[in-house]
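Summarising the annotation, TrEMBL assigns signal peptide to 1-16. According to TrEMBL, the transmembrane segment annotation covers 207-229, 277-298, 476-497. The domain 'Ionotropic glutamate receptor C-terminal' annotation in TrEMBL covers 209-483. Per TrEMBL, site 'Interaction with the cone snail toxin Con-ikot-ikot' is recorded for Arg331. Residues or ranges marked as L-glutamate binding site in TrEMBL: Asp375. Residues or ranges marked as disulfide bond in TrEMBL: Cys402-Cys457.
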Amino acid sequence: MATGIELLVAAALCVACPPLNDSPPTNLIQLGENGTYSPVTELPIDVEDSDAVFDPDAPVETLETINRKKPKLREMLDWIGGKHLRIATLEDYPLSYTEVLENGTRVGHGVSFQIIDFLKKKFNFTYEVVVPQDNIIGSPNDFDRSLIEMVNSSTVDLAAAFIPSLSDQRSFVYYSTTTLDEGEWIMVMQRPRESASGSGLLAPFEFWVWILILVSLLAVGPIIYLLIILRNRLTGDGQQTPYSLGHCAWFVYGALMKQGSTLSPIADSTRLLFATWWIFITILTSFYTANLTAFLTLSKFTLPYNTVNDILTKNKHFVSMRGGGVEYAIRTTNESLSMLNRMIQNNYAVFSDETNDTYNLQNYVEKNGYVFVRDRPAINIMLYRDYLYRKTVSFSDEKVHCPFAMAKEPFLKKKRTFAYPIGSNLSQLFDPELLHLVESGIVKHLSKRNLPSAEICPQDLGGTERQLRNGDLMMTYYIMLAGFATALAVFSTELVFRYVNSRQEANKWARHGIGRTPNGQSVAPSRWLRGWRRLNSGHGQLLGASTHGQNVTPPPPYQSIFNGGSHGDPLNRWRRPLANGNALGNGVLLGGDSEGGVRRLINGRDYMVFRNPNGQSQLVPVRSPSAALFQYSYTE
């Protein structure tokens, strides 16, 4: 009994075909086991016109014209009946591939040979399958050992494969006038861990939005400062005190962080400036918060490489079949992919001789991160088989099932047909039958018959639950590291400036002779060294800390400045022995007097300048009221 697909094919082949009333019964071809017959299709084609193409707008031929062509058509049917054809093909699973039997006979399989078998039953011919020495289509620059060479030399009668219609090959072969399908070459790549549109803290806004936010953050503070200064100079208003540039910049940053401000402007124009920035920040942060939530929960998954331009601009390595449509579309100047030719020269493009797609997927995509470019039927079959295998490894984890993702935008589109030797009449017999198969959807059905109806490993797996990863929070880590690094740099700068200032201060006192021996040598260590000594000794004191309960030696009493002091006086504690046995300290009079300090006039007042044991300079007022208060602060 005839199968359903055979009945569909028989019906497609016989649609709108007038029966041959005077044809012999031998022209009936048996399709089913029950003896069901289908009449041979009468073709209204002029045998002598070898360049005839299908034109849907052509005028309808009259019955007289059709009857005039019948004798020529009968001659072709008689010629092909019982003829043995040599048919060449390519290893291009699942559209065409071969198998060598134990007896050495090569048998063709795939969609191409399912079509050939239909034609075989229709026109009653036999055939044998041959393959080129190299599994390549061929081109003028890659002609030897190719499929095009076999067809061009008439070594074979027909090339039964889905051959892309390329411009350079038209001068060597005759393409079928019926397009079998429009081939689409798709990119397959490793499924990225996160969407190409971004994730984490930077995902809600695109790059230029962040740039403009940074520019506004840096510019608004100085703008507010300048407008306040300009307003005060134009109006002469003294009530609104101009804020410093640092205060204005800190206000801008604090508003961005949703913090308050201690600045309270009085002028209306200044208030409007502050309010404008607050409104801007409120809207900006609202959009950011909403989009961040959406990106972390409901964002659409996108791939980093979706089009040919992505491959070209990002210099991404990709691999495709050796001698296939993609390679020749790149190497041919007037083809759509010719702009990728420089990627071949720079070794970014690899063309594999391996016909096993699973090997290419694992070796190039999974191990080396390449993008694999293959036609859609082969990609679908390859991913489906990989999915079935990984389903046995992990039954429930979708990420394990689908480690690869397929781009939705085609890498290349080309019409695909059979090929005949130039001058062959087989196209006039086969092409109308191929047209019926294409229009009835049988070719498309055969290409997808071994695939499930559901999409295999879609681009967006559609997971409903998603936990935050370290990658989502990576920007927070960068911010923390940048903050600590900046603080460390500022701290190092402070130490450098403190050292420079201490050196300048020491040089200033040295010019006045303080802290030096009579021969001009310095005996007091610099502030920098004294600070390190205090830190190392563990007796460091914080700035502004209380000295209550500590043994702090006060400066000498006021009377001892003029009266001198004995060895029991507190003045002796302010002196330090030198290497030569003399004493130098706050009790040494500059200029050689060893009894007192140096009298200086500072800010209109008289002071005695002493050097404390810790090396710091101490000013003791000379005038009686000030001296009394000074003495009281140290003794009481």
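Cβ coordinates come from backbone N, Cα and C, glycine included.
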Integer mean pLDDT for the domain 'Ionotropic glutamate receptor C-terminal' (209-483): 87
Asp375 (L-glutamate binding site) versus Cys402 (disulfide bond) - Cα distance in angstrom: 19
Neighbour tally for Cys402 (disulfide bond), based on other Cβ positions within 10 Å of its Cβ: 19
Cα separation, Asp375 (L-glutamate binding site) to Arg331 (site 'Interaction with the cone snail toxin Con-ikot-ikot') (Å, whole number): 18
Cα separation, Asp375 (L-glutamate binding site) to Cys457 (disulfide bond) (Å, whole number): 17
Neighbourhood of the residue listed as 'L-glutamate binding site' by C-beta distance under 8 A, where only residues 6 or more apart in the same chain count: Asp92, Leu95, Phe162, Gly183, Glu184, Trp185, Ile186, Gly325
Cβ neighbour count (within 10 Å, all chains shown) around Cys457 (disulfide bond): 20
